[in-house]
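The following features are taken from TrEMBL:
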BINDING   96, 136  Fe cation binding site
BINDING   102, 105, 144, 147  Zn(2+) binding site
C-alpha cells in the first residue's frame, strides 16, 4: 500500500516512472497517474473505479487506451472476477498470486499457490497445441465465511 503523503506520492511517482521506463514506455502524466492508482490499491480495479479515483481529468477513451498499452507492455494484467467487468492489477512476478472471490458479496482474497513453475510445466505438458506458456491466471469462486450465516438464514 502506498503512503498518500507528499513523500509517498514522490515514491509512487518514482516507482511508476521506473515501471514505464523498464517497459520502454514514456513516463507521461496520465500513465503515471494511472499507475499511482494501481500502486495504491490492494485489489484489482475496473476502468470505472479508475476513472473515479484518478487524479487527472483524462477522458475515458484515454484511460482505456492507456490501460491497453500498459497491458501490452506487461505492466498490468487483466483479472477475471466472475462478472462481465474487466478488472486490472499490476503484474508482479515476484509476488505471483491468485484470487478467491465470494460470489455473494464480492470479497476478494489474494492467495499464493505457485511457489515454482510446476503448474505451468504441467499445463504445457497436457497441452496439444502450445510450445511455450508465459504466465497464467487462476481465480476461485465460492462463499466467504461472512456470507455463510447469511445464506443459511435465507434457506431457512
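Heads up, the Cβ atoms here are built off N, Cα and C, so glycines get one too.
Comparing local CB density within 10 A for the binding-site residues 105, 144, the maximum falls on 144. It is 96 that, of the binding-site residues 96, 136, has its Cβ surrounded by the most other Cβ atoms within 10 Å.
Between residue 147 (Zn(2+) binding site) and residue 136 (Fe cation binding site), the C-alpha separation comes to 29 Å. Taking a C-beta cut-off of under 8 angstroms and a sequence separation of 6 or more, residue 102 (Zn(2+) binding site) has the following same-chain neighbours: 108, 141, 142, 143, 144, 146, 147. In this structure, residue 144 (Zn(2+) binding site) belongs to neither helix nor strand by DSSP; it is coil.
Residue 147 (Zn(2+) binding site) counts 17 other C-beta atoms within 10 Å of its own C-beta, drawing on all protein chains shown.
Rounded to a whole value, the Cα-Cα separation of residue 105 (Zn(2+) binding site) and residue 136 (Fe cation binding site) is 26 Å.
In this structure, residue 136 (Fe cation binding site) belongs to neither helix nor strand by DSSP; it is coil.
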